[in-house]
Structure formats: structure tokens, C-alpha cells
Amino acid sequence: MTELPAPLSYFQNAQMSEDNHLSNTVRSQNDSRERHEHGNERRRRGNTESVSNGRAPSSSQQVVEQEEEEDEELTLKYGAKHVIMLFVPVTLCMVVVVATIKSVSFYTRKDGQLIYTPFTEDTETVAQRALHSILNAVIMISVIVIMTILLVVLYKYRCYKVIHAWLIVSSLLLLFFFSFIYLGEVFKTYNVAMDYISVALLIWNFGVVGMIAIHWKGPLRLQQAYLIMISALMALVFIKYLPEWTAWLILAVISVYDLVAVLCPKGPLRMLVETAQERNETLFPALIYSSTMVWLVNMAEGDPEAQRKVSKNSNYNAQRPANSPVTTTGTESESQDPVTESDDGGFSEEWEAQRDSRLGPHHSTAESRSAVQDLSSSILASEDPEERGVKLGLGDFIFYSVLVGKASATASGDWNTTIACFVAILIGLCLTLLLLAIFKKALPALPVSITFGLIFYFATDYLVQPFMDQLAFHQFYI
């Protein structure tokens, strides 16, 4: 309890002397009124002291506004950085696909269809072709939905070994079988003679290094390169074995499904991301392309005995957060030598006594502890910039490349439509990352980019290209 100010105590005594004849109820009312006035007086006194100390009441608002401005600057900084860090791999994946489509005729020949698209589009009427493409798209999307739900259920019930086995088998097929087919077709196209032993050694080294980099550990650039390569290989398979109308319809429907799966409260992809966040786990590297390292190596904790030696006879170490790492120098033999003196770093008891006599005893306060914790957290945040990564699903890479590859393979063979689709996808990706910086939650990456890509494709192929052909035919220059 704090003492009452002089005017208030005087008022209290006078009031009590005048009202001795009143009942206890009146006294209780006076007491409540006095407590109310006491609270008002304390608030007025607090405001007076804050103003006298030169601190305006709106200082806290200014601090909040300053923190918000710093957060916005940080968002813009990392947003622009990671936009470029995602533009490069997406561009590389699409360039690999387009270059393969333009040079290797194997991926433009219609040799068959996927088992998930059983209906052919070689029909007599447009209505039958449209119906078959719709049925193919429904079957394909159903398979994708079932596989996604199965993955979420396995992850929900911690069936990590099953998921790892599933992803490893998929990676093995892509890195060995599809890579062998791709390499063989490239050698045939450029008439490169190669024996089977050399091809086997090449594919073996390529596949084994890829499996290690993706599913275990490896340099970040190597992991990213393999993820881009397997995305391009999968996109080439879809481009070759998906009929034309079915491919466009699948791209349109998959963007809508991606929107529902990520944003709906019970969407499978949203449940997957939320479950990973609740468990504080990173998603599997074989599913996600990250602009930073996917696998994290935790720092080893310091030796408890060494920490006790370092923290002995030191009041400053009491202010250090318990989770901050302790860094010691010296060889192992020096730390184990029993003859050496205590490792006080020159800050002996005499030095501390002399310091206390000059400056007074050094005690930690709540403010100093909070300041040290904020400083240590800022240092740790600055030391781990790799965790500030933007992650993009490999499915997004695949369908971006399918759109550009189909445009390159089916659109009159001109570069205008291909480049238009390429620019549209990058614009959509930029807008998606902008929305990600604004809403700060997981967002679908397909809807905006695929919508722009489809609009640019059909507008360029059916409007811009005929217009340019007519201008060239009549020799008009704009």
C-alpha cells in the first residue's frame, strides 16, 4: 500500500469526524468514494510525473509505429530478395523445358497417353473431343486429390517412414529411369555416340548424388539444381503424354483446386502446413523448393562442466539467457589440465572488488535482463538468415513448366506465345509473393500465375499472332 497524499489524508480525517453519527453503510459509501478519489489522484499524479519526466503519453504509440515501419522495411527487403531467388529457379525450369521441346522431337510426338487419361482426343466431332477432355481432366484431378489426401493422412498420423519410402521411390524413378530416357533422346537428337557402360556410370552417379542431396544432406545449390531438374523431367512427361485440350483443362481446374486446398479451413494442403507448423517441423525436401536450406543442423549444446567453470565468480553471466550458446576457446588438453588456474579471463576477485568499490555492486534488474535477452535474440536472428526462406511446392514448378511447354509445342510454333506465357507466369508469381508479404500466411502459388498464363496464351495465339501475321503480309509497320 502506498501512502496517501497530504490533501487527501486531511480530507479523510475531516470527513470521518463529521460523520461519526452515520451508520456503517454511509461509512462504506464514503470509503468507496475515497478509494475512487484515491485512484483518480494516483492517475493524475502518474500523468504529472510522466509529463514532468519529458515523456509524452503518446510515446508508446510512436514506438509501436516505429516497430511497424521496421517490420515493413524488413518485409520489403526480404520480399524483393526472395522474389529474385524464386524467379531464377522458375526461369531455369521453364528454360530447360522449352529448350527440350524445341530441340528434342521425342517430347512432341504423340506416342500414347497416361493411364489416368484413357479417353483419346482423336474424335470426329468437337463435342466428343470436349467430352473426352473433360472426362480425362476429372480422372486426373481425382487422382491428384486422392494422393494429396493420402499424404495428409499419413503425415497427420506420423507415418513418416511410409512417406519417405513413397518419396524415395518417386525420386528413384525420376533420377534413374526418366533421366535415362531423357539422356538417350538428347544423344539421339544430337547424334552423340555413347556406349551403355558409360551411360550406366553417368546415370548412376547422377542418381546417387541426387538422392543424397535431396533426401539427406548436401550443398544448397546442388539440392536446388536437382529439384529443378526433376521438376523439368516430370513436366516433360506431362507435356508428352497429356492430350492438348486435356492439358489446358487440367491447368485451369488445378489452379481452382489449389485455391480451395490451401485457403479452405479443411483444405488438405492447409491442414498439411498447419500440422507442420504445430509440430515445428519442416516439410519434406522432396516436396518443397526452398530459397534457403531445408534441412537444419541444430547447434550442439555446450559442456555443462565447462559452462560452470566459465560462469564461476561472474555476476554478468547471471544476466545471460539460459538458451544462449557458450563459446569457449582453447584446445581440449588445455581444458583438461588440472594445474591450470581457473579460467576467469583476467577478471579476478580483486578486480571485481575494485570495480565494485568504484561503481558500486553490479546487480541485475528486470530491465537489464530484458535488454540482454532482446540483444541476444536479435543476434541469433541475424546469425540465422537462412531460416527466412520462401518455399514453393514442386508441383508449382511442374505446372508452370507444363503451361509454357504446351504453349511452345502446340502454339503455331512461334516464340511470341511462349514468351507471353513466360512473362505472365513471372508476373503472377510476383503478385503471389506480394500477397504473401501482405497476409503473411501460406498462399496458393498456382491460381494467379496459371490464370495469367492461360489468358496470355489464348489472347496471343488467337489475337496477337494473327494480327502480326496480317501486318507482315501487308507490310504495315507500327
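Every residue gets a Cβ built from N, Cα and C, even glycine.
Going by Swiss-Prot topology annotations, LEU167 is found across the membrane from PHE476.
Other Cβ atoms within 10 Å of the Cβ of ASP396 (active site), summed over all protein chains shown, number 24. Outside the topological domain 'Lumenal' (243-249) by six or more residues, the chain places 113, 117, 120-121, 129-130, 132-134, 136-137, 140, 402, 406, 410, 454 with a CB less than 8 A from a CB of the stretch. On the 0 to 100 pLDDT scale, the topological domain 'Lumenal' (105-133) averages 90 in the predicted structure. Using a Cβ-Cβ cut-off under 8 Å and counting only residues 6 or more beyond its ends in the same chain, the topological domain 'Lumenal' (413-418) has close neighbours at 98, 404, 407, 456-457, 460-461, 464-465, 468. Residues of the same chain lying 6 or more positions beyond the ends of the topological domain 'Cytoplasmic' (440-443) and with a Cβ under 8 Å from any Cβ of it are 262-263, 269-270, 273, 432.
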